[in-house]
Each structure stands twice: as C-alpha cells, then as structure tokens.
Amino acid sequence: MKQQTETEKKVVLLGMSLEELTTVALRMGMPRFAGKQLAEWIYVRRATDFAEMTNISQANRQKLAEIYDLGRYPWSDVQCSVDGTKKYLFPVGEGRFVESVLIPEGDRATLCISSQVGCKMDCLFCMTGKQGWNGNLSAAEILNQIFSVDEAAELTNLVYMGMGEPLDNTDEVLRSIEALTEPWGMGWSPKRITVSTIGAKGLERFLAESRCHLAVSLHSPFPEERRKLMPGEKAFPIMQTLDRIRAYDFSGQRRVSFEYIVFDGLNDDMRHADELAAILRGIPCRINLIRFHKIPAVSLRSSDTARMEAFRKRMESHGYTCTIRASRGEDIFAACGMLSTSKAESSEEKSS
C-alpha cells in the first residue's frame, strides 16, 4: 500500500483518451505524435514502466515518470474455485479493495469487473450492497483489473457485473469503455462487453454514448415487490427503465438481457412469469434466470431446478429466449451477489 500512496500524488495516464494523452505530450514539449505513442504503450503494449517506452527519448521518459504514473499495480490476492473460476483482489487506494472474477468456459474467458467499492443500491440479496458504498473507481482502476489479471492476454469478454452499480459511476465507466473500444486504445469490439444496471440514472447516456450490450437486473415484475428486494426501485422505477429501453432500437447487433434471480416461494410462480412476459413486451431481449447464492443474515432461498425449469418453459411459451445461468465460483464467494471486500478492508485497518 505504501507504493500506491506515493503514486497517488502523480497524475495517472491509464484511462486517458488519445486527446488527453496528446495534451500531455505537448505540455511536456514532445511532438504531437507522441500522444499516439503513449496510447500504444499504455493500451496495446500495456507498459508497466516508462522505461519500456523505447521509441520515446530517455530524457522525455524521465520527465514523464517525474509527473505521471501509469496506473498499473498488481492484484494482492487470488482464490481458485473447484470449477476453474478465479477471484482476484485489487487494492484501490488506502485500505480499499475490489474483487474481479475470471470465468473460463471452453474457448471463452470472461472477466467480471467492479466499478465501485461497495454499492449504494443495498439489494437484499447482494453482499456488495451489505458493505455499503466506499467510493467510485476511476477509469484507471477499472482498466487495471483487466490489464493485471494473469489471464489478461486470453480474455474474450468483459462484464461490468462485479462490485457496484456501473451507471452510478457513469463518467468513469464510459471513459474505461472508450479506452477499451476505440482504435487508439485496445480496439475491442463493443460486442465483447456487457454492462449491468438496475436502471440507474446513467442509462440514457450509456445507450447514447456506447455500443456495448446491456443487462438489466430485474428480479420481480411487480414494482412494490421489487422495491422490497431492491430499494433502488424507489429512485429508479423499473417501468421507467423499460420505457427508456423500449424507445431505443435494439434491432441491430447490440443486445439487451434481463437478469432474474429466482427465489423459492417469492418470485418463481407462473403469475410472475406471465407478468414478466407482459412488462417486457416490445423489447427484443433474453432473460437469464439465476440461482440465489446464500449469503449471511439473509433468509431468502433459491428455487429448485424443477421450478426454475418450469419458469423457463413458461417464458419460452410467451416467445422469449430464456436460459438458466450456470453458477460459477460459489465455493470461493465469487458467484452472483457474493462479492464483498469488507473482510479485506477490516484486516487492512487492523494492520495499519
């Protein structure tokens, strides 16, 4: 943590746009094209030290290192599940941490990344919300998760489904997506990236300013019931969210999906399935049914496979594509709703 405290005094280059990097170069007395050189070293070659930038003069590298930091730092812990899932712990400032989850599946390697330390939304079924909100991540801190996992070169997909509500940190999430998808950055196709939301205030900006896929955490088609599960329903009503989505043209390659955790005796009957089908009418979408993963001090239980399968078939009878998502990483608390860094932050406080 000492090293990170020292580098916090410097301006971080990771997360900057080509225009911003060009401004940095010009302020340093470097030629305009040096902005592109910096972008290539940061986003394509993924440099961790200015000394690696061999097509920039040694004098300029030294000047850059005095004022700027590349924003790269390693993970501090990793856990491995019996199913191959890996959970990484990243420090993001003094005494703060976030978790990222690598999910390998055949020839795919998906990284689930965090956008906030904790979360304001306080969903009943989510451990991240239970720890409260301790700040937004910068674009650099978001991107560092992607660059610094052991499998960085093998990643095929990214999902902003880790800790936090991505569209409660819209500015930095969009900055990170820009660096990921623009030709001067990593040049990823937006089709490889999915951003999850409960329907927060940044939704319209996300739809307008990016081309990435959208996943909406829904969990109940009845607003009052949803509000009990997800207090954010009060500020961000699902019906308003659906109206915004319905007004957007999803007929191209961009996709929208709805996440639905299925709770035993709560939202798993045919009445819920029929109402879910009704409120989603007019939206070309996929519904992902998710098992509830038991977390401390919460009495909710997951529906069994038979009821989930009945729910899935009912949705298909209404004309929807509906799947049951396989649970991954439950044994290391890496599955949906199980991410939390409260213990890591508590341990850091005791040791300091």
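From the backbone N, Cα and C atoms, a Cβ is placed for every residue, glycine too.
Per Swiss-Prot, these features apply:
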ACT_SITE  E99  active site, proton acceptor
ACT_SITE  C336  active site, S-methylcysteine intermediate
BINDING   C119, C123, C126  [4Fe-4S] cluster binding site
BINDING   G164, E165, S196, S217, L218, H219, H293  S-adenosyl-L-methionine binding site
DISULFID  C112-C336  disulfide bond
DOMAIN    105-325  domain 'Radical SAM core'
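Overlay of Swiss-Prot annotations on the structure.
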{"residue": "E99", "record": "active site, proton acceptor", "Cβ neighbours (10 Å)": "25"}
{"residue": "C112", "record": "disulfide bond", "Cβ neighbours (10 Å)": "26"}
{"residue": "C119", "record": "[4Fe-4S] cluster binding site", "Cβ neighbours (10 Å)": "27"}
{"residue": "C123", "record": "[4Fe-4S] cluster binding site", "Cβ neighbours (10 Å)": "21"}
{"residue": "C126", "record": "[4Fe-4S] cluster binding site", "Cβ neighbours (10 Å)": "24"}
{"residue": "G164", "record": "S-adenosyl-L-methionine binding site", "Cβ neighbours (10 Å)": "30"}
{"residue": "S196", "record": "S-adenosyl-L-methionine binding site", "Cβ neighbours (10 Å)": "21"}
{"residue": "L218", "record": "S-adenosyl-L-methionine binding site", "Cβ neighbours (10 Å)": "25"}
{"residue": "H293", "record": "S-adenosyl-L-methionine binding site", "Cβ neighbours (10 Å)": "19"}
{"residue": "C336", "record": "active site, S-methylcysteine intermediate", "Cβ neighbours (10 Å)": "23"}
- Item | Chain-mates of C119, C123, C126 with C-beta within 8 Å of site centroid, [4Fe-4S] cluster | M121, D122, F125, M127, T128, G129, K130, E165, M230, G337
- Integer average pLDDT (0 to 100) for the domain 'Radical SAM core' (105-325): 97
- Task: Restricting to the same chain and to sequence separations of six or more, state which residues have a Cβ under 8 Å from that of S217 (S-adenosyl-L-methionine binding site).
- Result: C123, S196, T197, I198, G199, M230, E259
- Message: Going by DSSP, is C336 (active site, S-methylcysteine intermediate) sitting in a helix, a strand, or coil?
- Response: coil
- Query: So of all those recorded positions, E99, C119, C126, which one's Cα sits nearest to E165 (S-adenosyl-L-methionine binding site)?
  - Reply: C119
- Near the Cβ of E165 (S-adenosyl-L-methionine binding site), how many other Cβ atoms are there if near means within 10 Å? 29
- Counting across all protein chains shown, how many other Cβ atoms sit within 10 Å of the Cβ of H219 (S-adenosyl-L-methionine binding site)? 27
- Item | S-adenosyl-L-methionine binding residues G164, E165, S196, S217, L218, H219, H293: largest Cα-Cα distance, in Å and rounded to whole number | 19
- Could you measure between C112 (disulfide bond) and E99 (active site, proton acceptor) for me? Cα positions, answer in whole angstrom. 9
- Query: According to DSSP, does H293 (S-adenosyl-L-methionine binding site) fall in a helix, a strand, or coil?
  - Reply: coil
- Message: I'm trying to understand the geometry here, so how far is the Cα atom of H219 (S-adenosyl-L-methionine binding site) from the Cα atom of C126 ([4Fe-4S] cluster binding site), in Å to the nearest whole number?
- Response: 12
- When you put C336 (active site, S-methylcysteine intermediate) at the centre and draw a 10 Å sphere around its Cα, which of the recorded positions E99, C119, C126, G164, L218, H293 have their Cα inside it? C126, H293
- Message: I need the CA-to-CA distance for L218 (S-adenosyl-L-methionine binding site) versus the residue listed as 'active site, proton acceptor', whole Å please.
- Response: 23
- Query: For G164 (S-adenosyl-L-methionine binding site), which of the recorded positions E99, C119, C126 has the nearest Cα in space?
  - Reply: C119
